[in-house]
Amino acid sequence: MLDCSLSDPWVSGDFAPCFREIIIDSLIPILLLLGSLSAVIISHVRYRRKTLSIYTPLKTNASLLGGAGSYGATTHVPTITVEDDNDSPQDQDDATSTDSTISPSYEERSTRWSIYNITRFIASLIQVGIYLFSLQQLVSNNYELDKTVEGSQEILMTSVGANFIFWGYTLVLAIFNIAWTPTSKKPVADDICFQLNILYLVHFFINLLDLRSFYLIHYTNFSGAEGYLHSILTALITFILLCIIIHEHRHAPIEPIVADTGRVQSTENWASLYSQFLFSWVETMMKEGYRRTLNDDDLNELPPENRAKNILSNYRKHKSRSVLKSLFRAYRGPFIIQFLYCTVWNVGMFGPPLFLNKIVKYIENVNHNDEPVSTAYLYVIGLFVTGVVQTLAVQQALYIGRTNGIRIQAIAIGEVFSKSLRRRDTTGAIDTDKDDDEEKAKNVNNLLSVDAQKMGEFIAYCFYVYSYPTQIVISIFCLYKLLGVAALYGVLVMFLTQPITYYVSKRFETLQKDLMTATDKRLKTVNEMLNAIRIIKFFAWEKEFRSRVLASREIELKAIRARLFMFMHMMNSWFLIPVLIMVVVFYIYTLEHKLTASTAFTALALFNTFREALDEFPMIISFILQANVAAKRIESFLDEDEVEISAPSSASLHDPTQIGFVGDAAFSWEKPDPSKPQEQTLALEGLNLSFPPNKLSIVCGPTGSGKTTLLSSLLGETWLVKGSIRLPRIIPNRSSPLGGAVSGIAYVAQTAWLQNCSIRDNILFGLPYDAERYEKVLYVTALTRDLDILEYGDSTEIGEKGVTLSGGQKQRVAIARAVYSQAETVILDDCLSAVDAHTAKHLYEHCLTGELMRGRTIILVTHHVGLCLKGAAYVVALKDGKVAGAGDPHTMLKSGVLGEELARIQEENADANEEKSTDGPIPTVPQSAKKTGEDGAGKLVQEEARAEGGVKWSVYQTYINASGGYVYWIILLLLFSLAQSSVLVQDYWIKVWASAYPPGPEGASSDDLGANSTMTTSNSVGIFSSAGGFGSSASEPGTFSIHYISSLLSKDEANRVDVEYYLGVYFFLGIVSLVMQSIRSLIMFIGSINASRRLHERLLHRILRAKVRFFDTTPLGRIVNRFSSDLQTIDQEVSPSLSFLLYSIVTTISIVGLITYVIPAFIVPGAVIAIIYWLIGAYYLATSRDMKRLNSVSRSPIYVQFNESVNGVTTIRAFGSQHRFIAENHLRIDNNNRPFLWMWATNRWLHARVEVVGAFVSFCTGFVMVMARDWVDPGMAGLALSYSLTFVFHVLWVVRMYAINEMNMNAIERLHEYLDVDQEPPAHIPATCPPVSWPETGKIKVQDLVMKYSPESPAVLRDISFETRPREKIGIVGRTGSGKSTLTLSLFRFMEATAGQIFIDGVDISKIGLEDLRSRLTIIPQDPVLFSGTLRTNLDPFDQHDDVELWAALKRSHLVDHHGADDNKNITLDSPVSANGSNWSQGQRQLIALARALVKKSSLIILDEATSSVDFDTDHQIQQTIRKEFVDSSLLCIAHRIRTVADYDRILVLDHGKVIEFDTPYNLISQEDGVFRQMCERSGEFTELLAIATAKHEQEK
């Protein structure tokens, strides 16, 4: 028997025979068998327990090795049970996390005689037979023992016996698996399958170790090696078995599973191992995307464990103060699996450089190798296998990262949203500054958009935190083994140059911030311009604003130029540093060693890996820091105070109050500080109020008395300092219904809060539609008439912040929501003030005291005390935060507390009469709305057209022409080719340098090869050799098993090769490449800036010259989008991505060209590979494009809902609708995560395939090189092979950058769409230009005028004809919709006349230029628009007047007054005006607009009279100024109050677009049946109006 010692397991580069056969071949299989047996027994016991108990589990998708799991090989998708009895307030808020499991129940396909089960059985049977045969041969001494590999017969018999038992055990398991698969014991069969797969895999690796031992001795000589053939046969059978079972979908359902959202469930969780690793499960969507454009409905549902509600539920079970720690705890399983994949990647990525070294070394020493060529082919296989394994591992790690990334985003958004519905609203606090509130709201938005994303990005890439340091350490180790001390010099240079890259990166960051500032300033100007586009067109100020925007744009372009140039410097530093490193390394190394191709190209590959890890590591550190800051910000937000809604305390015998306040209740907006009670600011105090149940109660009081605070306190929104609140409410829980007023309380805020959905959906508020009740609600809230006017009735989409409705309509929709709800208590905050007097009366009579509100407790804050007093049972009067009086109306009237409130009644009646006079009689409210639109028909703004398919060539042409035309692009392509050629020449020079040394093994000169023959025997051996490999004890340096370091150059060789010359040329070529790259980048970026400038100028010009109708039909946000995100893409992304695409294309072509040049035979596999790449790329791009587009539009609904909910949080809490909003939020998160995750899955699908094919390219290259080993140059072989390793990277980026480029071009496409908008007529027509003095008298003649808003719409003005006299003052009156405003728009040619003409001072305005027309007229609009700047720039934007004129205009407009000197002593011409004039009151803005008209001194002035914007005194001043200052001008005034125009020269009465009457006020008021006289009579001021008209008539006599 052979002497066997287990203490020395490694002998001569291999395991000792006895160690291998006792430990590896015998002990490990038996231990595995025992472990497997234990697992199967446990599984069976667990199954028996479950079947014996009454508990029946749902079927789960428990995975097997190749079965299920989101992340491939060993992941397991357990059923996650969510406890229902979770007491945390967060979970109480979250109804949707109550699902009993997150894995849906489904019936699995279970076939007993599947190909996989049969294969397992047959393979195990054959293996049992083989080992039984070998055992019989050993026992009968017929076995030919190979003592160099197999040791003694006794040990071998032990090994074969152990393997016989091992395979016998697998055969038994395979039989049980077949027997139990279609039965109720399938869960046990599944566990058996998992165990079998593990056993097969481990045994295969044991087989490979045995084969290596045989190969090292026998190579491919099989004669007389019975054990060798036995090992090959068993390994082959196991390999075939594994190849078959990796396709098993063990847990696939019988039919596709449809999730609760109606989508088909993703097959990810039951995909086969092959499908997991190559992401084939995503192909169901990709097939659809390849056939047609993908829509959101086509996307598969996320796996249950990645749905927002389940993510949050799982997270909350592991929740602690730290968000990130909780996440790591909740998802530690996926993180561990990710770590294992990363370990494979970190080690495996060094396989290709190792095998590159081996192959080139073999070719270098082709005439001096003792090893057969099969070794070289094994190196080529090793190159392919390590390439594939490491890439598949990193794809899994990346996908797990992305999955965890969406989880943390779902957690961050879900937690922040849930918190915002519980968070205390502090905006009512006395000391809270408005700006602070806006800042806080903005910060909360940032938590969702910026911070959640930052955390998601970090989690997605967190594995780099440990991967990069690992790679750096391994790189340095390998380089040291390869180059010795020279490698350390290279590492030193790398570290010394890091500050340069750090500085350049920081500088780039700074310039990026500067650019953002410049962009913000330009966008502010653009926003202002678009918001005031009508005023700009009225005053013909397009030129001025164009120059303003272009000035901002030039500053921005300077910042873009600086940023692009810094980007170029950054690229240059990344290019130059490796050149410096290699110069230093090669110099130090060649002082003592011969530089060979295998050394040089392996070193280059390793330094590239090292540099990438080192360059990226700071970015990962910044990711960590940013994520940490983001997590802390989110945590601090989650720690903020919450509104505590406790169960109501019931009324007691001594205190019968059911609804109200007891115990001198006091409230504050600020959090009470028990240590400083005296400093507490109270908003309300001394409250002892008892609102009668089922009756109407009124709360009144002057502005600021605390009425709204009283309601907020009742709802629990303020801090209770003293006493207690009584308000019966249902605390919502998981079993509560989701719609309407779940709490039993409905609340209508002072400023109506509505959702961005249809009117019907706002009213229903989640409740089912009851047609009868709904119709009644519409009638009592006076909405029936409004719905008839709206084109789509109640399907009309309200729009963001209710933009489509007037203030009164919004308030009535909010009231309708409260009335329709099931609430017992209805709380209304001053809801009558937003509606006119007759509507208020209707609401009181039919709604507040009508049948639908009968029996409900109503608490109403109102100023309409006189209207509501008669129906009220209880009245509360507040003053300065205290109760001035409370009791029934009779008692309150007696006390005199209501004196001030009742005095307003007379005023209200006067207002109502005034409205009646101009707008016609009050229309009665119809009982039902005639129009009810179909769902979705009334979308305010139709969804933006989403580009489909590839980008059209015309779009590319737009950019090509803007950047410099075809010649520019031809030059650019030439420069790209030259830059790449220079890089290629530099790498080729290494080959020239290596070839300068004499051929033969290193350390041996050509003269003494024979003397060194002993050295050559171990020269090229490696991982398949007996002397090489990891930890080799031979003279080789180690990992790379090469003789470079140990052998010194002979003096003759040192003298023969001029290192300085070769090094100098190498460095010079590097500098030439750098210069070429710089020139290329410079020209590229100059073209980019030119394109940005030209496209922006064209867009701005087209938008400024667009017709007003365009701005009516296009949301401003959409236009701003073109100027912001689309232009930002063109400025910052198009050029770098195009340059990277061109670089990748040129590099890919150069690599293919180089390999083909070295080995012409490569053209055959190269052509096949090219076709495969084209097919993969085309298949990927079709789906990827749509996924990206879907992803880009799915995020904004989250923000819209969030902002909407935060604005209406008090209403939501009062209704008790938090659960419904949280469920909606979860759906929106899923809608965002779905396209995002599937987009990344398609990216992984692409990467997996491209990189596997890329590894095949390296395989083909290596294979062809080895075939041509006798004549191919080793240097060229090294160059071609090293380039083939980077080939996959460049091809991948050709596909990816093409996709990104298509997305970027989409921005140009969207911009291109707006370059074709309809334009207004010319600004100047020289042939018809009126004289400078025109118009002199302001005489207007309108002849047969017909006006339409659009060709298909009905006429608004119908055959109007009238003529005014010079300098005449005309009042235009008529009810709403009579055409008053349209007439003024016609004078400015905002629409072109369909028929007829308008003459001003004898000039036909349709024949002159628009700017000539508009600049000579003046309008004082109803709603004055101001621009940011100063008073001077608002009065005189073109600097045409001096300060004296401007100041005089301010005085004459009464903005600066002698009487109110104290009020306006700070007003100067340089007084700032913020955007929209928001720092001035509405009245002051009206006066500034008047001053602007005074400065312009036009002969024709149009005044659209302000109705509610100014107080009585200001209105009086404006009228005085108009009468005094515009004596020499013609004046057309659109009147809303007859008193204003009663003393004008003539009155024009319009109705339904026709002139009804046109005469002096006196004549018209004297006509018995005249329309004007009826208006005067209805106003209630007939006597006063008649007196004014008579006085004017007498004056003119």
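Heads up, the Cβ atoms here are built off N, Cα and C, so glycines get one too.
Source: prediction; values computed, not measured.
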460-481, 856-877, 1274-1295 - the one TrEMBL records as transmembrane segment: 1274-1295
Annotated stretches the transmembrane segment (227-246) and the transmembrane segment (376-400) touching (3 or more Cβ pairs under 8 Å): no
Interface-richest range of 336-626, 1021-1299, 1340-1577 toward the domain 'ABC transporter' (669-905), CB pairs under 8 Å: 1021-1299
Interface check, the transmembrane segment (1248-1268) with the transmembrane segment (376-400), three or more C-beta pairs under 8 A: yes
Distant-in-sequence neighbours of the transmembrane segment (22-42), which means Cβ under 8 A and at least six residues beyond its ends: 4, 6, 9, 15, 155, 158-159, 161-163, 165-166, 169, 173, 188, 191-192, 195, 198-199, 202-203, 206, 209-210
Local confidence of the domain 'ABC transporter' (669-905) - pLDDT mean: 83
Surrounding residues of the transmembrane segment (966-985) on its own chain - C-beta under 8 Å, 6+ positions past either end: 960, 1069, 1072-1073, 1076-1077, 1079-1080, 1083-1084, 1087, 1139, 1142-1143, 1146-1147, 1150, 1154
For the transmembrane segment (335-356): best-contacting stretch of 115-135, 564-589, 1065-1089, 1274-1295, by Cβ pairs under 8 Å: 1274-1295
Long-range Cβ neighbours of the transmembrane segment (1274-1295) (under 8 Å; 6 or more residues past either end): 352-353, 356, 359-360, 363-364, 387, 596-598, 600-601, 604-605, 987-988, 990-992, 994-995, 1140-1141, 1144-1145, 1147-1148, 1151-1152, 1154-1155, 1158-1159, 1173, 1176-1177, 1180-1181, 1246-1247, 1250-1251, 1253-1255, 1257-1258, 1261-1262, 1265
Within-chain partners of the transmembrane segment (376-400) [C-beta distance under 8 Å, separation at least 6 from its ends]: 70-73, 215, 276-279, 334-335, 337-338, 341-342, 344-345, 347-349, 351-352, 354-356, 358-359, 362-363, 460, 463, 1022-1024, 1240-1241, 1244, 1247-1248, 1251-1252, 1254-1256, 1258-1259, 1262-1263, 1266, 1269, 1288
